[in-house]
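Undergrad: The structure that follows is given in the form of structure tokens.
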Amino acid sequence: MAEKRPNARWFVIALPYLWLAVFFLLPFLIVFKISLSTPTLAQPPYVPSFNSLAEIWEKARQFTIDNYAFLASDSLYYSSYFSSLRIAAISTLLLLLIGYPFAYAMARAPRAIQPMLLMLVILPSWTSFLIRVYAWIGILKPEGLLSAFLIWLGVIDQPLRIMNTETAVFIGIVYAYLPFMVLPLYASLEKLDPTLLEAAADLGCPPWKAFWLITVPLSLPGIIAGSFLVFIPAVGEFVIPDLLGGSDTLMIGKTLWREFFGNRDWPVASAVAVVLLLLLVLPIVVYQHMQARQVEAAR
Amino acid sequence: MNRSFSAVNLIALTLGFAFLYIPILLVVIYSFNDSRLVTVWGGFSTKWYASLLGNRQLLDAAWVTVRIAFLSATIATVLGTLAAVALTRFRRFRGRTLFSGLAYAPLVMPEVIMGLSLLLLFVAIGLDRGFWTVTIAHITFTLCYVAVVVQSRLVTFDRSLEEAAMDLGCPPWKTFFVITLPIIAPAVIAGWMLAFTLSLDDLVIASFTTGPGATTLPMRIYSSVRLGVTPEINAVCTLLIGLVSIGVIIASLVQKRSIIERERAERLAAG
Amino acid sequence: MATRALGPVRRSFAPWNDPTAVPLIRFDKVTKRFGGFTAVDDLTLDIHEREFFALLGPSGCGKTTLMRMLAGFEEPTEGRITLGGEDMAGRPPYRRPTNMMFQSYALFPHMTVEGNIAFGLKQDGMTKGEIASRVEEMLKLTRLESFAKRKPHQLSGGQRQRVALARSLAKKPKVLLLDEPLGALDKKLRQDTQFELMDIQVTLGLTFLIVTHDQEEAMTVADRVAVMDKGKLIQVATPGEIYEQPNSRYVADFIGDINIIEGRITGASGGRVTIGSAEAEAPLTVASEADLAKDTTAWIAVRPEKTRLSLDAPPAGTANALTGTIFDIAYLGDWTVYLVQLPGGKILRVSQANMTRTVERPISWDDKVHLWWAPEAGVLLSR
């Protein structure tokens, strides 16, 4: 639509652009600014006033890195960050181990039923995330269904202690994020030309070896996309560690929530958010780059 | 190779789907449990559904949530479709890199950060928190999902259809409405549904951006869940699961029927 | 072209006529069913060492299934396949001494040209030095030396085809299987590559089995051609025999252009068979030793280029003389093809070589013409 009138074009671009600038970009700048404010100035209800340039300058002079120093001095914060990254990384690995065979089996299923399998994978993620996490409470708690079932089977005689541990968080993340891992894996495995595996076999390569030499390298885009797609949100996850994890399960999303709703310390909460964002900038940029490349490739 | 769909694959699929569906099924089953205890089956009962009807707070929250979801999904669909058109059709304009960054980032942005930053914005500009702030927040984060869904359809769109329309004398804006939009409509509808359910489901962003009188259903569920598993919550969850499942199934049936009809029409045309 | 040198070698090569020769490949009463569909039906076939053998037929005739059973991708439902005297039953593709060049080439997209060629060699546990020198040799054979480090998507269609060939040849297989190897190339490149394939086959002394639906390709490259239909072999013979002595209407019709005239046997004596046909006033004569009963239905097949066409009547007593009207003319440069309509409505093709640049009195549309052919030019078909 090269000859589209400039004002129509302007309208198409400007409307969503403005919206995102005001409600997505600007808030981050505010978070950044508040993270540099002193807590005393920022007692809620916090209403910054930008009445005059002089006042802004005055405010700017009061900027402080105290909040960041506080984050560095208190072990709660850096162990929260570390623990979030660790839990997200382990969960991503678990998701790959569980999701890959699942996606592989889907891609090898008869063509006719593949759309149905795909819908069955997506369907749970259309139902509420909160409900799906909640469902595990009834299963995992000591007097819950899993323990009762295993005791009935005679496998164990004491109720399992899974609820309120890190294990429960892993189970929750793997369960809630499985579709996001399976879908990109399936997309790349489904594109794999089966004659490549025939060619490998024809050239003397047994199936298990062909899997490592052909299937895995060619599904690498799916592996990377799936891993980023679950790792990034898992780092900032709040609901799962809050409902399934114990008080000793530290995750930064939970810490931020507590800092905000519990301690009402907005500058520190903002500083927590800024650092979390910095931690995720690299993976987010890598992921976006890949997304953009994929869209370009689809052209 | 024909034998490639082996027993191992069948087992992987069975275990995978069992893992995905058993927890949800348990919630549904126990919503009909007469007993208050999870592990005890006290017989079939619909009393928890009846008690829901008397729960004013929950019903109010549900009504607020549906209104927010409908409004935010509709606006997000308009904005998201525009964003998708801008990103696929206009290859070069000032700030395009920033724009595409803004359009993709919310997909992976941790919800706590989105929620916190929007709240601070609303406080900074002095907007009273409540129904409208949650709606704005939901538009912002669901817009990006709509954009991605619509964009994936637009990149495979045959541009010669638009060129044909314009060649036949149709002005560009009209071409968009009579040619482009009808063809990408399934993606736009899918985007709307996605935005609707995401809004319906959101706890974290709504918790940050809400105010008095605008408590959403997930927030109500969350606060009861923190107190433990209750049969009423099982019943609410079952209703929600049922509604979403019916919606998705109807949507896929409609889509399937349109595919079948198109195939039949094509066969007729060919025969 | 190297083909000139091949002439004498090929002329003396005919192990299939030697009753003491042991075939390299033997399909013994092989049947393959997919559910209720029979792809290959009780088929027996011998292929000899160093032979260039073509399986020819329309899609769905079972030719690809036959090849895939030899490669090990499908197991026969019934019957036996032996290769070099060994029964191949139950042996997976990665333990068979065959290599295949796939129709889609199936090049590994994440590996370079070198990596693709070396893939099979690595599976055999060859040393690095051996692999490198073999890869080098294959690159040279297929003239790909300058593309060794490229990935498949950086190559043209013809180059990819050569990589696929180099990869399947690298292991020096007992049998090279070629599945529609040239289908994706344009006509000119296809013809050049056909000669290259023949050259490589003789140079390396390997057995090639090619599957194709292109009769011209099969005729060009192969020592012997098997024409298949509905899972069965219809005729197995040299290209010359297939063209000049088809054993059935199916083969005659499938290979090249041909006119087929139906009739009933009216007599047979002294190596001549006469047939009465509704298309001709006088009985048609064909040279044949066949011993067919009177009144059975039979067909005479005659190639367009073996039919004479003229505005003037042939001398009285000429066999197989017909008259007709020119229905259409196609000028092809070297040949002109005339479609002649007989009084009964049937249309025959007649082609004439354009040997001079000008024709004194060209035959034109709607002209009344005479056509005839020698009894030796036609073939008598009973099925």
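Glycine is treated like the rest: Cβ placed from N, Cα and C.
As listed in TrEMBL for this protein:
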type     : residues  : note
DOMAIN   : A:81-287  : domain 'ABC transmembrane type-1'
TRANSMEM : A:12-36   : transmembrane segment
TRANSMEM : A:85-105  : transmembrane segment
TRANSMEM : A:117-137 : transmembrane segment
TRANSMEM : A:168-189 : transmembrane segment
TRANSMEM : A:210-235 : transmembrane segment
TRANSMEM : A:266-287 : transmembrane segment
Undergrad: Out of A:117-137, A:210-235, A:266-287, which stretch has the largest tally of CB pairs under 8 angstroms to the transmembrane segment (A:12-36)?
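TA: Highest pair count goes to A:266-287.
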Undergrad: So what's near the transmembrane segment (A:85-105) in sequence-distant terms, Cβ-Cβ under 8 Å and 6+ beyond its ends?
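TA: Contacts with the transmembrane segment (A:85-105): 166, 169-170, 173-174, 177-178, 181-182, 185-186, 189, 215, 222-223, 226-227, 230-231, 234-235, 237, 241, 249, 251, 279.
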Undergrad: So which residues does the transmembrane segment (A:210-235) touch in its own chain, when a touch means Cβ under 8 Å and the partner is 6 or more beyond its ends?
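TA: Residues 84-85, 87-89, 91-92, 95-96, 99-100, 103-104, 173, 177, 180-189, 192, 196-197, 200-201, 252-253, 276, 279-280, 283-284, 286-287, 290, 294.
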Undergrad: If we skip the immediate neighbours and take only residues 6+ beyond the ends of the transmembrane segment (A:117-137), which ones have a Cβ under 8 Å from one of its Cβ atoms?
TA: 106, 109, 144, 163, 168, 171-172, 175-176, 178-180, 182-183, 186, 239-240, 243-244
